[in-house]
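Colleague: Below, the features straight out of TrEMBL:
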type     : residues : note
DOMAIN   : 490-548  : domain 'DUS-like FMN-binding'
TRANSMEM : 26-46    : transmembrane segment
TRANSMEM : 82-102   : transmembrane segment
TRANSMEM : 123-140  : transmembrane segment
TRANSMEM : 146-164  : transmembrane segment
TRANSMEM : 176-193  : transmembrane segment
TRANSMEM : 213-242  : transmembrane segment
TRANSMEM : 263-285  : transmembrane segment
TRANSMEM : 347-365  : transmembrane segment
TRANSMEM : 386-403  : transmembrane segment
TRANSMEM : 430-449  : transmembrane segment
TRANSMEM : 561-578  : transmembrane segment
């Protein structure tokens, strides 16, 4: 064993020192890995499924939060397996929960908060995305060693990997499992030459090795339980595996018994994985109950069985097994069910194909047209045959289904890049410029702009909902202050001129490092000189980006590397930092405001509280209750697990209600607001000053005083003129008068904004209204 380890280390060392890579490209790859991490942490919100197919479910199961369950997990019979969400998100959440339980080490820090939850789920998929890198490197290095790094750079710079594969989509897991199937099939079919040949032993072993066969069966089953569409992509791999076992020239002299024995490990891996997934789903969703002495099995029974193993024979079960892939298939073959999610023309996947891979589509199609010799299983490069058929099979068969989204084609990433990888070094600079511009646009769009305000707003609202303090309670309302947000890196960054001069005065220093403030607000230096807060228009922001790009072109030139970098930068910012990017930060802010207030001052009508650094501890026998209503309008679905509201708090004095009116009309919004109670406008200060106000809801219950407040979260492009919004600006010196409807007598006061947040449904209003996600406090006259 020791001799084997030493020899392996020697081989790796020899391989390392003999590599003839272009180290500039190697360093560029590592730079792209860092960019991928940054893209993973950008608040761009591509589609609700990135949160509601895994993190939202695990937020309830692991962290105990109150969440919104999507139809796949809610309706009976359930259509989505719990195994993949548990492995990809549940385990990281469990680690986060363990860290939070180490009170001596983290006694002054809330480990579980909206920001840490968001970063945990994104970091998990960031790590998983490197499976794609491993597969691409292994395949390219085996067949095109001269183009290995070039192929890896194409993978690492594609926005499909930078943005989509760092999001918790089930399509991302499907793509990763398919890539692993490719590499397992290739390794299993490569003839094995023993290092030490014994007398009478053949020099080449051509059997499909049993360990690879078992892994292939395991991955096939796991892929089917991830998404039913995995079968469409993996079918050519299974067909090639059967061809290798039963028909290829190497087995012409073998009997059928030997052939079936060679296939048995794959069948064993598939069956065992299927049994495990079926049992896990059945137990999780409650369709199957394991019993001992007619009592549902619990962890206490484990010790009983360990002390008396013979009692295992007494274990029974009640209920039925749940096979989620079949339930999902039965649901999706019904056109009426698909109509609820949207029906699309059959050709839409052609557009989606181009949308995901851009210039590579032309290169791949051209390579396919010239490579029909690879389209046979008898071809010399069998691996290329399998990869080509996998991509074509998935694309063509998915086009038959009337519901089509771009993310359904994510598993095509490996085929689209590997197929033409032998020609990458021969491509002209024009291709690399087009590739760079294409990826940069979509990285900016989906990573940085699209719905990018939702996550930051949630992070803000979390602090306002869970962190208020110093509440002043009157007869009608409660006014509270809110403290600092959760402890996080970057608290010393200068984000305004007040921070700059505060550090100069309090810390006796000669200079201040602006840090991330210069990235967030490039005009911060003008703020410091003029000693005033101000903002710039969206047009001026784009002019800054234009100058940045021009400086880069003037300094480095428009060669292929720079053009490639610009191309990917555009899409990183677009999808990673702008698209729906305000939702998560706003939720993180609101969490403390809703669940962390303290030091409340109670008056006859209202309660005023401060924000706290930690969540309040609710009580079950109370005389006052505090309710925060958060209404999301014209945004993507807010991930409720990021609010961090425990289910066990529902019957306490701290209440948090989330309303999703994404597709509703302005009349529905008005009806909902009119049902709420709200404090007087003169109690609400524009742009949160550190405190929040709850209004008392009048009732006949003399023993319980109920205090409520309502917040509206909506993009700045939303037309709310019929609600008579008063948008108070912090720069205005003149007091603006509130406009109220004579019939409704209510208004809205802007208390927070999150930039950037791009809503493509109202893109025509972006340049006039800006890319903000606004938070309004609902008030009455």
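Each residue, glycine too, has its Cβ placed from N, Cα and C.
Describe the structural context of these features.
Modeller: Taking Cβ pairs closer than 8 Å, the transmembrane segment (26-46) reaches residues 119, 122-123, 125-126, 129, 149, 152-153, 156-157, 161-164, 166-167, 407, 443, 446-456, 561, 568, 572-585, 636 in its own chain, all 6 or more past its ends.
Residues 53-55, 57-59, 61-63, 73, 110-112, 116-117, 120-121, 123-125, 128, 168, 170, 173, 222, 225-226, 276-277, 280-281, 284-285 of the same chain lie 6 or more positions beyond the ends of the transmembrane segment (82-102) yet place their CB under 8 Å from a CB of it.
Only residues 6 or more beyond the boundaries of the transmembrane segment (123-140), in the same chain, are considered here, and those with a CB under 8 A from a CB of the stretch are 36-37, 40-41, 88-89, 92, 147-148, 151-152, 155-156, 161, 165-168, 172-173, 175-176, 179-180, 182-183, 186, 383, 413-414, 417-418, 421.
Residues 81, 83-84, 170-171, 173-174, 177-178, 180-182, 184-185, 188, 262-274, 277, 281, 324-325, 328-329, 332, 377, 382, 385-386, 389-391, 393-394, 397-398, 408, 411 of the same chain sit 6 or more residues outside the transmembrane segment (213-242) yet have a Cβ under 8 Å from a Cβ within it.
Same-chain neighbours of the transmembrane segment (263-285): 61, 73, 78, 81-83, 86, 208, 210-211, 213-218, 220-222, 224-225, 241-242, 245, 319-324, counting only residues six or more beyond its ends whose CB sits under 8 Å from a CB of the stretch.
Using a Cβ-Cβ cut-off under 8 Å and counting only residues 6 or more beyond its ends in the same chain, the transmembrane segment (386-403) has close neighbours at 178, 182, 185, 229, 232-237, 239-240, 332, 335, 338, 341-344, 346-350, 353, 368, 371, 374-375, 409, 411-412, 414-416, 418-419.
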Colleague: Residues sitting near the transmembrane segment (176-193): Cβ under 8 Å, six or more positions beyond its termini, same chain?
Modeller: 128-129, 131-132, 134-136, 138-139, 142, 165, 203-206, 208-209, 212-213, 215-216, 219-220, 222-223, 226, 230, 233-234, 237, 240-241, 244, 382-383, 386-387, 390, 411, 413-414
